[in-house]
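A.B. asks: Annotations for this protein, taken from TrEMBL, read as follows:
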- 31-50: transmembrane segment (TRANSMEM)
- 34-254: domain 'Cation efflux protein transmembrane' (DOMAIN)
- 62-83: transmembrane segment (TRANSMEM)
- 95-116: transmembrane segment (TRANSMEM)
- 136-154: transmembrane segment (TRANSMEM)
- 200-218: transmembrane segment (TRANSMEM)
- 224-243: transmembrane segment (TRANSMEM)
- 370-391: region 'Disordered' (REGION)
Amino acid sequence: GTIHLFRKSQRSLVGKLTHEFRLVAADRRSWKILLFGAINLICIGFLLMWCSSTNSIALTAYTYLTIFDLFSLVTCLISYWVMMKKPSPVYSFGFERFEVLAVFASTVLAQLGALFILKESAERFLEQPEIHTGRLLVGTFVALFFNLFTMLSIRNKPFAYVSEAASTSWLQEHVADLSRSICGIIPGLSSIFLPRMNPFVLIDIAGALALCITYMLIEINNYFAVDTASAIAIALMTFGTMYPMSVYSGKVLLQTTLPHVIGQLDKLLREVSTLDGVLEVRNEHFWTLGFGTLAGSVHVRIRRDANEQMVLAHVTNRLYTLVSTLTVQIFKDDWIRPTLSSVPIANNILNLSDHHIIPMPPLKAADNLNPVTSTPAKPSSPPPEFSFNTPGKNVNPVILLNTQTRPYGLGFNHGSAPYSSVLNQGFGIPGMGATQGFRTGFTNVPSRYGTNTRGQPRP
């Protein structure tokens, strides 16, 4: 056959997208989403035509919610694709961040649409056009029915998680206050309105209610400015609902540790530090990989006699309840030992001369020394109980004289010597008439407990 030397080994971007779409379409769960997506496109086409015929910017703002439903369906398809894909060498942590990116992009696009509506509404306040109400109410109910049917029929895992984990919007807070008042009168409605309504369902109902009020006011009083006011209200509700979700998904994309997880992580780390054999837990780093998925790494220092595999199993078992992707590095404790100097010793150090000097600490000022105890005198302190008549540290360097032969230059005789010669070399005890004192190096130092002449009685 023909040998192609320069054949392209990689598919194009369109080929890759087609291959991945076929992979998703092979799953029967995706058929329902694809069907709703096709109906959504048809519905968006009709709504945009009715917006043009009615000249209503409020209906246009409500149509943007239907476009957002299309983005949510695409996010649901990406979620199914993520579950089918396995980690690869390029994406070692998997593909969960793709659905986070899809949620972030969908919410940001919805907020951009709301800003566009606010800009158009500001222009309409200067010159308000005439609004035709022929298909305004029809388009409102068609969009409301399709939005609610899509939200309640398809389980969108990413958006369901974000709507529960993100902070509440101002619309949810106001509705929650109203719901508490209603549930106080009718307790049976607490399961529906409390504790927190679905933000997507809430904004669909609130937008439809604003359009109904617009239709009635235009039909009764021809008050066309209410259409612009309704458009501003729908845009603000859209922005306020999508903003907390954008913030939450953005923090996940930035690989931060979410606030509601920090307390649980601290508790688990304290439990790990109390395990048998664990000395220290350090260099811990945890971040959010996807919605409800944490990744992290930690270094654990253990005792030298501890079993590494046993400690690793216990640490992983404790942290795996919260951190799904975990890296644990175990290392044993390293005792610090004093190291010997590798610098060569000079020869003249071992051959000390017969006349060598013993360095003494530097002299302190004599004004703050007590001549009796050679310690700093404190005016407020009482006199010492015992006062030894010894020079202490207030002495000059001492010169030791010796004319005997000293092997190895260390100052000790290796042969046998009589007891008297030992005393004459300065190794006698103080007060026994030795030539040199043992502690101070001075001769004939007076003492309170003896005299310089051997044999005299003690006082």
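Start at 1 and count along the chain as shown; that gives each residue its number.
Even glycines carry a Cβ here, placed using N, Cα and C.
TrEMBL: automatically predicted annotations, no manual curation.
So that I understand the layout, could you describe where these features sit and how close they are to other parts?
C.D. replies: Using a Cβ-Cβ cut-off under 8 Å and counting only residues 6 or more beyond its ends in the same chain, the transmembrane segment (31-50) has close neighbours at 25, 59, 63, 66-67, 69-70, 73-74, 76-77, 80, 135-136, 138-139, 142-143, 146, 150, 153-154.
Within its own chain, the transmembrane segment (95-116) is flanked in space by residues 61, 64-65, 67-68, 71-72, 74-75, 78-79, 81-82, 85, 87, 158-159, 162, 235-236, 238-239, 242-243, 245-246, 249-250, 252-253, 289-291, 293, which lie at least six positions past its ends and keep a Cβ under 8 Å from the stretch.
Same-chain neighbours of the transmembrane segment (224-243): 56-58, 60-62, 64-65, 107-108, 110-111, 113-115, 117-118, 120-121, 124-125, 128-131, 169-172, 199-200, 202-203, 206-207, 210-211, 213-214, 217-218, counting only residues six or more beyond its ends whose CB sits under 8 Å from a CB of the stretch.
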A.B. asks: List, by number or range, the same-chain residues at least 6 past the transmembrane segment (200-218) whose CB is under 8 A from its CB atoms?
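C.D. replies: Distant contacts of the transmembrane segment (200-218): 56, 58-59, 61-62, 65, 131, 133, 136-137, 140-141, 143-144, 147-148, 151-152, 159, 163, 171-172, 175, 224, 226-227, 230, 233-234, 237-238, 241.
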A.B. asks: Apart from its near flanks, which chain residues at least 6 from the ends of the transmembrane segment (136-154) lie with a Cβ under 8 angstroms of it?
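C.D. replies: For the transmembrane segment (136-154), the sequence-distant neighbours (Cβ-Cβ under 8 Å, at least 6 residues beyond its ends) are 32-33, 36, 39-40, 43, 46-47, 50-51, 54, 56, 59, 62-63, 65-66, 69, 72-73, 76, 198, 200-201, 204-205, 207-208, 211-212, 214-215, 218.
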